[in-house]
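See structure below.
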Amino acid sequence: MVRKPVVSTISKGGYLQGNVNGRLPSLGNKEPPGQEKVQLKRKVTLLRGVSIIIGTIIGAGIFISPKGVLQNTGSVGMSLTIWTVCGVLSLFGALSYAELGTTIKKSGGHYTYILEVFGPLPAFVRVWVELLIIRPAATAVISLAFGRYILEPFFIQCEIPELAIKLITAVGITVVMVLNSMSVSWSARIQIFLTFCKLTAILIIIVPGVMQLIKGQTQNFKDAFSGRDSSITRLPLAFYYGMYAYAGWFYLNFVTEEVENPEKTIPLAICISMAIVTIGYVLTNVAYFTTINAEELLLSNAVAVTFSERLLGNFSLAVPIFVALSCFGSMNGGVFAVSRLFYVASREGHLPEILSMIHVRKHTPLPAVIVLHPLTMIMLFSGDLDSLLNFLSFARWLFIGLAVAGLIYLRYKCPDMHRPFKVPLFIPALFSFTCLFMVALSLYSDPFSTGIGFVITLTGVPAYYLFIIWDKKPRWFRIMSEKITRTLQIILEVVPEEDKL
């Protein structure tokens with residue numbers, strides 16, 4: 001059984017409860033008649049669902065540094081093969097999540113699926129690492145790319161000061177947090193616009209590339225599978241780069257409870273998004289190779305800029321703006337989705353209860369959104385973020401593979417469970433095996449980094465027993481926790497979701 005939030009013996013519930021009109025009694029607001037229930041609304045349509053998936057998948061990587069795959073494959077042909085295979089494998093994972101999302105109709109993504117199938121301990125470990133390290137570090141990394149590229153047009157002749165990048169990055173992070181705190185609808189609308197910008201940027205690269213092919217610029221595709229020798233032990237790293245570029249297909253499942261008609265919308269949004277992204281990624285890489293050879297691509301710090309300078313002339317100045325908008329879209333979509341993960345984990349008693357509360361008027365999970373802000377700022381101004389993400393990249397695929405393996409378990413354990421969308425069993429089997437295979441080979445290829453990541457992940461086990469299992473916490477601690485919760489409720493104007501009261 002999942003341990004539910006502890007109900008205080010000191011005060012009634014330990015937190016302030018909103019009245020039927022969604023008002024905190026301590027705020028002294030006059031109650032307007034017929035106000036909506038305080039709960040998250042189903043505002044994610046098919047278009048918004050597609051924009052969430054595409055908007056979070058396509059970040060800066062495809063524009064800045066798709067060379068990670070090429071470095072670890074050794075040839076143009078093998079790199080394009082890896083891009084295609086990673087797209088197909090990501091589609092398999094996404095289809096598996098489509099079945100999980102339409103069978104277990106709860107928000108939270110892999111946290112929820114692991115919780116339902118394998119119990120609270122592995123689910124807690126997943127959200128523990130996500131909250132404290134992975135999500136703040138990942139948000140800081142993509143935000144730094146935003147900061148760098150939004151400033152690039154103003155520093156054409158000189159190096160951009162590192163402090164300026166971090167300051168504008170901090171502003172961008174704050175804007176995203178405020179946007180997601182204030183309105184679900186506006187956040188979704190802006191995500192649609194930013195997704196359109198991403199696809200426009202990709203088309204700006206693909207169309208000239210196709211024209212180059214028509215003109216016969218195919219010299220870089222001759223002997224496509226010959227090139228630098230690359231050990232088979234480096235292929236997992238190529239897959240990591242490829243799969244990382246496709247990461248984001250699972251984010252719609254984080255907001256299942258806010259999706260309109262999820263039984264139809266989730267599978268359809270996933271299929272549309274993955275088809276667009278896979279075709280777009282492969283064609284973008286093909287376009288690069290029509291103008292840039294393998295050696296030049298490996299030396300370039302911003303492949304899209306190099307490509308556009310050669311083919312688009314002065315229009316290449318617009319490329320950094322498109323890259324910055326692409327990064328901003330990934331920031332926005334990631335915060336929108338992951339805040340629901342923290343919201344659900346809090347609702348299940350695995351995070352502080354304030355994180356499962358909703359703003360009485362905006363109907364947004366305000367605390368679950370803003371908790372990321374200080375953590376991301378700490379990551380932004382400290383440490384080597386890339387190394388930290390490398391340490392923990394295996395954990396993402398380990399838990400995603402575990403969640404998809406849970407689908408197979410449910411097929412045999414609960415064969416009569418209602419499944420509006422069902423995939424052939426070989427799809428989740430192949431995907432979960434691939435995830436575990438990548439984790440095993442990463443341990444073989446880079447045991448030091450993977451070992452550090454494994455140790456960091458395991459810190460969630462003692463944390464689980466300390467914060468979740470241990471019920472007999474000191475009275476002073478419980479009193480202090482409740483005072484903090486009530487104070488934050490008043491400041492933030494949040495209450496528990498009405499159906500949970």
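Every residue, even glycine, has its Cβ placed from backbone N, Cα and C.
The shown structure was predicted, so the numbers you read here are calculated from the model rather than taken from an experiment.
Judged by membrane topology as recorded in Swiss-Prot, Q39 sits across the membrane from M211.
Of the residues S26, S107, Swiss-Prot records the annotation phosphoserine for S26.
By the Cβ criterion (under 8 Å, sequence separation of 6 or more), the transmembrane segment (194-210) is not in contact with the transmembrane segment (365-385), since fewer than 3 such pairs are found.
For the topological domain 'Extracellular' (65-74), DSSP puts the residue distribution at 7 helix, 0 strand, 3 coil. Sequence-distant contacts of the transmembrane segment (365-385) (same chain, six or more residues past either end, CB-CB distance under 8 Å): 40, 131-132, 135-137, 139-141, 143-144, 166, 169-170, 173-174, 177, 180-181, 335, 338-340, 342-343, 346, 354-359, 488, 492-494.
Contact check: the transmembrane segment (75-95) against the transmembrane segment (423-443) gives at least three Cβ pairs closer than 8 Å, residues 6 or more apart, which meets the contact criterion.
For Y244 (L-glutamate binding site), the same-chain residues lying six or more positions away in sequence with a CB closer than 8 A to its CB are G61, S393.
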